[in-house]
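This report concerns only the one structure given below.
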Amino acid sequence: MGTGAVSALLNDFPYGQENDNLRIAGCVWFILNLAIFVFACVCSLLRYVMYPEIFWLMLSHTSQSLYIGCFPMGAATLINSALALNQNWGFGGKGFLYFLWGCWWLDSAFSYLVAFGMLYTMASGPFGMSIPSRIWQLYGFCQYVPLVVASSTGGLLSEALRPHAHTLALISTAFSFVMVAMGLAFALMMITIYLLRLLVHSVPDPGLILSAFIVLGPLGQGGFSLLINGTSISELLPLHVGADFPQSALTGQMIFAVCFCGAYALWAIGIAWVVVAVCSIYHVVAVRRTKISFNMGYWGMIFPNGVFALLIVELSRVLQSPFFKVLGSLWSALTFLLWGYIFVRSIPPFIDGSLFMAPCLPDGRTRQQLLPMSQTHSHTSQVHASPDIVPYSPLRGEKLDVHGVLRDRREG
């Protein structure tokens with residue numbers, strides 16, 4: 001996702017678009033993003049095919065399961081970059097455009113499955129505000145962001161389809177408005193819970209403190225989606241000119257005005273959350289005097305900042321504002337530097353294999369985490385002393401030895 005956001009920023013950078021240098025760089029990042037996406041999908045597929053029980057462990061894990069939404073979001077960034085390749089260079093022609101449109105429908109369907117499937121899992125599984133683990137309160141809105149990301153992809157596709165198929169473009173935009181409304185509604189509700197977590201339990205631990213920037217994801221992507229789809233609908237409506245709404249000649253412009261107000265409000269909220277994130281990090285580093293060591297959570301900062309930069313750049317185009325143009329350029333440049341730093345720092349864990357460790361596997365858990373659910377009631381004080389520990393319930397056929405370690409199913 002982060003690499004895809006960088007590719008999108010290169011294609012939409014406010015300066016230097018009169019030559020093809022940035023577009024060529026965007027194509028290079030698209031190829032890199034595609035390679036990373038395919039590699040991650042193949043590794044995950046092999047893991048779940050060779051060890052199918054890990055899949056169910058992952059679904060029941062209170063933190064790792066929240067990242068399922070990264071798959072449709074990553075796929076959406078690939079569709080966006082491929083669409084830019086089609087529109088800027090004519091790659092694949094109209095047939096490739098329709099192929100991307102079909103891929104978008106598949107990605108949208110998977111986004112709905114993730115959003116409502118995880119909502120059901122969180123409501124019926126080992127999630128909730130009463131359990132010791134509060135990780136989902138930090139990342140709980142991640143499964144709803146795919147709806148917002150897919151809606152922005154639909155708006156971009158609608159703009160590309162409009163010269164070829166007016167009806168298909170209108171259907172895509174209408175469907176995208178439904179997705180962005182659902183995704184933003186759920187995400188804003190979960191952000192409220194995140195704020196409650198900050199007020200009740202103070203700032204997160206150093207290992208989770210960078211999660212404060214994740215809030216920029218739904219805000220930035222939601223505002224960008226509203227502007228893209230608002231622009232698209234303003235050019236598609238009205239279908240037939242009449243005196244009343246929606247046949248009025250001003251229908252499209254009225255809808256766009258509402259979308260702009262919503263996008264501007266989301267930008268303002270995003271700026272407020274940047275202040276909250278910076279203050280939270282300052283509290284951990286300066287007040288608690290705790291070092292924030294490098295971990296894979298750093299990657300969670302790239303996509304939110306990238307899509308927030310996209311929102312600022314799009315606002316600069318709509319308003320023709322030099323202020324937003326400069327701010328969008330600076331935010332984009334900061335995202336580029338952040339991506340480069342994190343990419344280089346991620347090479348050693350990629351080489352030694354620690355990058356591929358699954359948090360849901362019992363090998364990395366404490367003994368308390370491996371105890372059956374029936375035994376955890378006598379260890380309430382221990383559980384509350386470590387808020388990120390989640391009791392582990394063995395699957396059917398699994399056994400625990402006297403030390404609380406998961407035994408192989410083939411052992412007697």
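All residue numbers here begin at 1 and follow the chain in the order shown.
Every residue gets a Cβ built from N, Cα and C, even glycine.
TrEMBL annotations:
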TRANSMEM  22-46  transmembrane segment
TRANSMEM  66-85  transmembrane segment
TRANSMEM  97-123  transmembrane segment
TRANSMEM  135-157  transmembrane segment
TRANSMEM  169-196  transmembrane segment
TRANSMEM  208-228  transmembrane segment
TRANSMEM  254-285  transmembrane segment
TRANSMEM  297-316  transmembrane segment
TRANSMEM  322-344  transmembrane segment
Of 97-123, 208-228, 254-285, 297-316, whichever stretch has the most CB pairs under 8 A to the transmembrane segment (169-196): 208-228
Stretch with greatest number of CB pairs under 8 Å, the transmembrane segment (208-228) reference, 22-46, 254-285, 297-316 candidates: 297-316
Folded-back contacts onto the transmembrane segment (66-85), same chain, C-beta under 8 angstroms, at least six residues removed: 1, 3-5, 7-8, 11, 23, 26-27, 29-30, 33-34, 37, 40-41, 91, 96-97, 100, 103-104, 107, 110-111, 114-115, 118, 135-136, 139-140, 142-146, 149-150, 152-153, 156-157, 160, 303
Cβ-Cβ under 8 Å with the transmembrane segment (22-46): same-chain residues at least 6 beyond its ends: 3-4, 6-8, 10-11, 13, 16, 71, 74-75, 77-78, 81-82, 84-85, 88-89, 356
